[in-house]
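Below is one structure, written out as structure tokens, with a few remarks after it.
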Amino acid sequence: MAGAENWPGQQLELDEDEASCCRWGAQHAGARELAALYSPGKRLQEWCSVILCFSLIAHNLVHLLLLARWEDTPLVILGVVAGALIADFLSGLVHWGADTWGSVELPIVGKAFIRPFREHHIDPTAITRHDFIETNGDNCLVTLLPLLNMAYKFRTHSPEALEQLYPWECFVFCLIIFGTFTNQIHKWSHTYFGLPRWVTLLQDWHVILPRKHHRIHHVSPHETYFCITTGWLNYPLEKIGFWRRLEDLIQGLTGEKPRADDMKWAQKIK
């Protein structure tokens, strides 16, 4: 089994009694409670999502390969790069939203989708103990609709129409692939031993999120470097204060404090 790092980021500013009781990692009271909320129903949803998603990926990939033409190569390369960039931004937007707003107590989305983000900040190594289904189930669910739409086009459009759409569909497919594997890439960024050589090379070349790069996010209060697909956009977004400005705007409009629920779980001691 691949090894993982064992660091929590900087300690939160708790009073002395709380700090003495609080333990980071799997033994943290909040981490144990959040892990216990992972239900059989959630597991079933993940299994169904993964099976459907990868079936559609295989179907669509075969059709894209059959339609491939050399003259489309420049546009396909451009689409691959654009897909990776947009997937990185979307990963940051979702990550920032789930980290910063909402609550585990929210109906439906709380336990199903926000819970893993709260657990991850308390126990960053938990993701390395998740199997392929738990790691990728939610992302597979999100990409089902665009995959179904693409499959529908391949089944209903004429070959001539598909040739015209080919560069666009390659862009969409690349965006879907990066989106589907974002949490797997995220898991690899927390795994420090036993990764396949090809994964570490992609990390070293910064094709996917590097391990050291992602550690910046895991410094409490987890308010920066949210993009977790390639990580390409983290520095420029931080440089212009994108997330901070967005948080200030939302707080000004709603009065809600960023990361209030995240901090509540981090401070839980029993």
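Placement of Cβ uses the backbone N, Cα and C atoms for every residue, glycine included.
Here's what Swiss-Prot has on this protein:
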MOTIF     186-190  motif 'Histidine box-1'
MOTIF     213-217  motif 'Histidine box-2'
SITE      His95  site 'Essential for catalytic activity'
SITE      His120  site 'Essential for catalytic activity'
SITE      His121  site 'Essential for catalytic activity'
SITE      His186  site 'Essential for catalytic activity'
SITE      His190  site 'Essential for catalytic activity'
SITE      His214  site 'Essential for catalytic activity'
SITE      His217  site 'Essential for catalytic activity'
SITE      His218  site 'Essential for catalytic activity'
TRANSMEM  47-67  transmembrane segment
TRANSMEM  74-94  transmembrane segment
TRANSMEM  161-181  transmembrane segment
What is the total of other Cβ atoms whose distance to the Cβ of His217 (site 'Essential for catalytic activity') is within 10 Å?
23
Just going by other Cβ atoms within 10 Å, which of the recorded sites His120, His186, His218 has the emptiest spot?
His218
In whole Å, how far is His121 (site 'Essential for catalytic activity') from His190 (site 'Essential for catalytic activity') when you measure between their Cα atoms?
12
On a C-alpha basis, identify the one among His95, His186, His214, His217, His218 that is nearest to His121 (site 'Essential for catalytic activity'); the candidates are the recorded sites.
His218
May I ask for the distance between His217 (site 'Essential for catalytic activity') and His95 (site 'Essential for catalytic activity'), taken between their Cα atoms and rounded to an integer number of Å?
11
Helix, strand, coil residue numbers for the motif 'Histidine box-1' (186-190) per DSSP?
4 helix, 0 strand, 1 coil
Between His186 (site 'Essential for catalytic activity') and His120 (site 'Essential for catalytic activity'), find the distance joining the two CA atoms and give it rounded to the nearest Å.
11
For the motif 'Histidine box-1' (186-190), mean pLDDT (0 to 100):
97
